[in-house]
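According to TrEMBL:
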- 37-502: domain 'Major facilitator superfamily (MFS) profile' (DOMAIN)
- 33-55: transmembrane segment (TRANSMEM)
- 75-95: transmembrane segment (TRANSMEM)
- 102-120: transmembrane segment (TRANSMEM)
- 126-148: transmembrane segment (TRANSMEM)
- 160-180: transmembrane segment (TRANSMEM)
- 192-210: transmembrane segment (TRANSMEM)
- 321-341: transmembrane segment (TRANSMEM)
- 361-379: transmembrane segment (TRANSMEM)
- 386-405: transmembrane segment (TRANSMEM)
- 411-434: transmembrane segment (TRANSMEM)
- 446-466: transmembrane segment (TRANSMEM)
- 478-496: transmembrane segment (TRANSMEM)
Amino acid sequence: MYASREDIGYDFGEDSKVGSKPSKPNPNIDGGWAWMIVLSSFLVHILIMGSQMALGILNMEWLEEFNQSRGLTAWVSSLSMGITLIVGPFIGLFISMCGCRTTAIIGGVLNALGWILSAYASNVHYLFLTFGLTAGIGSGMVYLPAVVMVGQYFQKRRALAQGLSTTGTGFGTFLMTALLKYLCTEFGWRNAMFIQGAISLNLCVCGALMRPLSPKDLCEKYVVRSDSEENRAKALSHSTETIKSNGVLSEEPEKKEEAANEEVLGSVQHAEIGGKSGSGRSMYGLRLFKTVSQLTITVRKGFALWYSSYFGAASLFTNRVFVAFIIWALFAYSSFVIPFIHLPEIVKQYNLSRQDNVFPLTSIIAIVHIFGKVILGIISDLPCISTWNVFLMANFTLVTCILTLPLMQTYVGLAVVCALIGFSSGYFSLMPVVTEDLVGTKHLANAYGIIICANGISALFGPPFAGWIYDITQKYDFSFYIAGLLYMVGIIFLLIQPCIQKKQPREKSTEEAQV
């Protein structure tokens, strides 16, 4: 019995056969090279998320250079951050076909190219294309593999590993803010972006560290998971029977396709053996044909997995808890981003600028956010603690802070609320863990791509919406209230869906008993 797989209701075919054979566990699972994967993901968060949180420095330079409105100029940063997350589902297709390592290396080159081309910008619209689109897509191609690889390499300490790797966002916010401020002062913003583009090439090195696990190692991970996480899996057991009745991720079509692919490769190899007595030109043609055939099969398998996850009978959207998770993600991320955008103005309105200059409230959020990710990760990895429950409690704390923040009019009060916001928002490190518990490791890339896409939509439209509310009411209070209420709606979806899932199997069993 594989507890976590039954919890999510997906049938993984003949993987269970592996459990009956005693095998030596891979030392790189939860140890060895797994910590290099954490280091790689940590550096990715510094270079990508840290840089995006520090874009306020460049935003001031762009305002001065191009003399455009604040709203139009702010879209450059919003596009970059939003597209990084929105492209998640499409990056899942790249990962299915090319793997995490190749996808991340290509993304590193694209991200660096976006920074370098932006150094030659002549207007804001040029930055939309080079920085918002090009660098944003490149960032997404590195960010998603960095998260997925940590999930693949860790089993017993997944939450801690994700927490450690995502602390790079907090460290990167400090490092990149100081670096960009120094580079803009010494060399100007154009040269600063050129230098930052060169630094971003280190993302290719991070991608090269993402050594893929063999299918055998992934199967061994499933076996370990069934033994060590039976208690944690019970937290998500409410989705079992309903998901099976709605749609099963069956691998029968995939097995048939693999058999057909093997038959094609077998015929190519047979022709190659039979053609050894032929000319060198014919042998070269056969080898070229074999290479193209292998590449075509890889692309077809990757696309089939990606397509079935989103649109096929085995769609991830048949998992109702996962759908509720998507709805939650549509409202959650903006509640974290809005304080970063509007806190400086709130401080100015309350005449607290002097205290804020000594220790900015946004810095308090960033610092405590680092500790929140690690501590929540450690708590979630405890055998007697459910990751799902920790995730929900952190969400309740965050939404409470968002709703009470406008009521605080002293620096101490705001500092306490900001510290709680930073700590509770550490649940971001648990999102990949919860997603993996819902859909399994095999579908983590596609599923988490959908989740961060929803977060990207929230990040893209949340701050402009809050600004629009301020233009109407001339107060930031309503921006926080509306964001908090929408966030609460997302949390309610997470709560009521499990209740519905629990009732349906009981009703079904009652009907069967009557028959």
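Positions of Cβ are set from backbone N, Cα and C atoms, glycine also.
Contact between the transmembrane segment (75-95) and the transmembrane segment (446-466) is supported: at least 3 Cβ pairs lie under 8 Å, counting only residues 6 or more apart in sequence. Per-stretch counts of Cβ pairs under 8 Å to the transmembrane segment (478-496) identify 386-405 as the leading one among 33-55, 102-120, 126-148, 386-405, 446-466. Taken as a whole, the domain 'Major facilitator superfamily (MFS) profile' (37-502) shows an average pLDDT of 77 in this prediction.
Most Cβ pairs within less than 8 Å of the transmembrane segment (126-148), among stretches 33-55, 160-180, 411-434, 446-466, belong to 33-55. Packing against the transmembrane segment (411-434) from elsewhere in the chain are residues 147-148, 150-151, 158-159, 162-163, 165-166, 325, 336, 339, 343, 346-347, 352, 355-356, 359, 361-362, 364-369, 371-377, 380, 387-388, 390-391, 394-395, 397-398, 401-402, 404-405, 444, 448, 451: each is 6 or more residues past its ends and has a CB under 8 Å from a CB in it. The stretch in closest packing with the transmembrane segment (361-379), judged by the count of Cβ pairs under 8 Å and taken from 102-120, 160-180, 192-210, is 160-180.
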